[in-house]
Amino acid sequence: MNENKPDNSQSLACVFCRKNDDCPNKYGEKKTYEKWNFSVHYYCLLMSSGIWQRGKEEEGVYGFLIEDIRKEVQRASKLKCTVCKKNGASIGCVVPTCKRSYHLPCGLQKECIFQFTDNFASFCWKHRPVQAITSNKYSSSLPCTICLEFVEPIPTYNILQSPCCKNAWFHRDCLQVQAINAGVFFFRCTLCNNTDIFQKEMLRMGIHIPEKDASWELEENAYQELLQSHDRCDIRRCHCKKGRDYNEPNSKWEVKRCQSCGSSGTHLACSSLQSWEQNWECLDCRRITYTSDFQKAPKHPLANSTNVTVTDCLLEESSSKLPRQSTVAQHKELLRQGSKFRRDISTILIELGFQIKKKTKTLYINKANVWRSALEQFQSQKFNPSCSIDVVYVNGNEVGSQHLGSKQEFLSHLMHHLENSSVFEGSLAKNLSLNSQAVKENLYYEVGKMLAISLVHGGPSPGFFSETLFNCLAYGPENTLPTLDDVSDIDVAQIIIKIDSATDLNILNSVISQHYNYLEVSGCLRLTTSLSDKFMLVKDILFYHVINRVKAPFESFKQGLKTLGVLEKIQTYPEAFYKILCHKPENLSAKNLSDLFTIHSVADVQTLRFWNSYLKAIEDGKSATTMEDILIFATGCSSVPPTGFKPSLSVECLHVDFPVADKYRNHLVLPATNTYEEFQENMDFTIRDTLRLEKEERSHILPRTLNVSSNEEMLI
């Protein structure tokens, strides 16, 4: 008959600590012995100060004789715990001058150290061993190398540092769980695999390393699943009607596995992948890759990132096969990525730019209709967003009238059109509009794709998103609260204002009756029994008008933003993208603009002095020209793109009467004049006249007016 009866383990408390808890990681294995009518935690027995292992392993309890256990329990019953003030404190601090005694759980609560080696010494919270505190060279938190949750890199009771790797930090609980699973033969530093130094330090700091084989070595067919390939779509929203397990090679329903872990997969169609894309990584692997690269080289974050590959994809869930972070932990980490890493937006976009291939695609753009030209080129089946882009400007139907153009200038013109197009509404901070013609032509998807391509290929930042639109993209519509500022329709805004300003229930019901049809069709009609109901009614109308009403355009817009993995980066680093999607770049100062230009060849000292004086005069408002005008004249862009100018800006002084700009090379030639007045006059005249002519050249663009549904107007 087996003396250990697990079924009774809950009825008998441990004879030492008087707790029923069965927690092997904290107290060791709990065993109940029916023959002697007691239960005991392994660690409580092992750490008791007045008992020694006098029997063989198979005798008594773990080699401790039963009579010795009873004597130790009797001895402990006379000792009061320093923590809980109850009797039974069988463990005492090993320091001779210290008189503290405690139960094992109380000692753990007070952060005592129990050494599972040699004489199994116990140290109270005053005399416990500590790790040396070195100078903290880390400006922010670092991840625990086991669970990847962030810790402050300062050694404490709960945070331990590896003795052999300065960058390896651990939670105490994570180390203990790993030690129990790995055993003495496989427990080692997670970074350098050192065993001797690492185990010695961990034993000193109270980590129990059992003398057993690793748990995975004892499991039958532990590695059997490694022989199987993963053929399941793990994307959050699988669009395959035949289910996640359906896999049809050489079709859009072929399952592509993560190139790094192989334990997550996606249908090509579910992640908007094309057949020409060979690589795909799941969200877990991409997050680890970028975290590792950023931690290793904060000054040069791109130096070791050549293997990074990002593709269009939905936000995936972790594969159920991998024991990684919990869903809650992943969600928290996702929301705090920006604040933890403080990643610069240029670094993120440059990483996305690693996908761009050397193979080029030439876009033929009519300056008089940039929008329609770009739309035709991007909708072409041969267009590949991961190819490098060359731009050639054509002049209508004039044969032979074409010249090489600046890609960044083209993208700048395209962003200007998108900002003022019919797919957005609002004055400065814009939301998506409801445009039936745009839905029919799939323009919301195309606009999203254009924005993504512009950001990755070095174009300017949009800067016109409303905070509500951005929050919908980054955190989801369900976590977004629209405001009255998001309502650009005057009639709807008046309804909301009337309801919100109602001072009694009769006035509120009168307003509801007046706009009954609109409230009913929009799904916002509700029974109002008190004046306070108006707040929920206003909230419902705002959510319907700003979010639910444009649900289909929003989903299409999101699909477009998934191009080149941009949407996923927005959701991973919302803080970084908020600055470029919702805010225009700050105005350039004279010094900032001057610093953008590199002096080319030998410069004329006087001309450079005139140039700096000219910039200063513009900054002081003494010229009709602006800093933005100079930037447009030299590059075609009204602001500095998030990834900077490629090629970098250069300035040259030549013996010419008027300034000359080469936007393809971002090169500016300054005129050589005898006086500053002549220099300023020539610069002002040329820049303003050139910009005026270019504006006239682009004046014949696609009309903006695409009306909303007449049914909605009738309802309002």
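Just so you know, glycine gets a Cβ as well, placed from its N, Cα and C.
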From 11-51, 339-379, 421-461, 626-666, which range did Swiss-Prot mark with zinc finger?
11-51
Near the zinc finger (11-51), which residues from the same chain, at least 6 beyond its ends, have a CB less than 8 A from one of its CBs?
3-5, 61-62, 64, 66, 68-69, 71-73, 75-76, 86, 88, 90-92, 101, 103-106, 108, 114, 116, 120, 122, 173, 176-177, 180, 208
Write out how many residues of the zinc finger (237-286) are helix, how many strand and how many coil, based on DSSP.
7 helix, 6 strand, 37 coil
